[in-house]
Amino acid sequence: MVKPLPRLRLQGFNNLTKALSFNIYDVCYARTEEERQRYIEYIDEEYNADRLTQILTDVAEIIGANILNVARQDYDPQGASVTILISEEPVIDKKLAGKELISDAVVAHMDKSHITVHTYPETHPQEGIATFRADIDVATCGVISPLKALNYLIESLESDIVIMDYRVRGFTRDVKGKKHFIDHKINSIQNFLAKNIKSRYEMFDVNVYQENIFHTKMHLKDFDLDQYLFEEKAKNLSFKERMKIEALLKREIEELFHGRNLSE
């Protein structure tokens with residue numbers, strides 16, 4: 001739960017912009033080129049634009065936002081994108097409102113409050129590794145907090161590795177003219193993760209408190225080879241094959257987690 005600071009009387013609108021960004025990775029091993037192609041096809045169908053639209057629609061509901069517009073696209077040969085414009089105020093139906101215009105709050109939000117997702121399936125040309133990355137951004141302006149959707153997004157995708165960034169920008173002014181650069185308590189994104197998620201992941205923080213920048217990355221603690229094999233079972237592999245595949249997968253996970261290639 002997002003813990004607010006003591007209630008402030010504001011001069012006008014809350015102009016704080018809060019942005020939460022995810023890079024979520026699913027890692028897989030597919031032995032043959034045909035299996036790798038089927039993995040790409042599976043991921044492409046599992047996370048097509050329709051499914052992603054439903055996930056982002058759920059996010060909007062969770063954070064208490066109103067949907068203004070939805071744009072979505074499936075790409076050839078693979079990948080999908082969805083962008084949803086949101087506001088914290090109800091949208092006025094112009095037909096029902098007569099000559100009344102859409103409220104200033106809605107107009108103010110349209111360039112700042114949005115939820116987007118882009119997917120990137122890919123495979124290694126030789127070693128059998130296949131990965132799926134989903135980039136998700138939830139940006140809000142006002143009292144709505146994107147942190148409320150944190151746990152839902154992690155659970156909605158096959159999240160072997162999760163890289164998260166949260167930042168607060170701008171300021172809001174109280175009735176005495178004092179500027180406030182953040183309106184809730186936070187010292188880590190981990191504060192907002194559910195206990196069952198924290199128990200499953202190894203986590204690492206890099207935070208710049210004075211700049212209202214918070215970074216958390218995490219990967220699953222337990223390694224079960226069967227969870228990473230596509231159309232295959234570990235029991236059907238020789239010991240030597242299992243060790244080789246496990247080493248490849250663990251190296252891939254480490255490199256994605258640290259964001260760099262590791263030395264041989």
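Quick reminder: no glycine exception, Cβ is built from N, Cα and C everywhere.
Annotated in Swiss-Prot:
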ACT_SITE  Ser113  active site, schiff-base intermediate with substrate
ACT_SITE  His118  active site, proton acceptor
ACT_SITE  Cys141  active site, proton donor
MOD_RES   Ser113  pyruvic acid (Ser)
For this session: List the Cα distance (Å, whole number) between His118 (active site, proton acceptor) and Cys141 (active site, proton donor).
Result: 22
Exercise. Taking the Cα atoms as reference points, how far is the residue listed as 'active site, schiff-base intermediate with substrate' from the residue listed as 'active site, proton donor' in Å?
Worked result: 6
For this session: Would you mind checking how many other C-beta atoms are within 10 angstroms of the C-beta on the residue listed as 'active site, proton acceptor'?
Result: 17
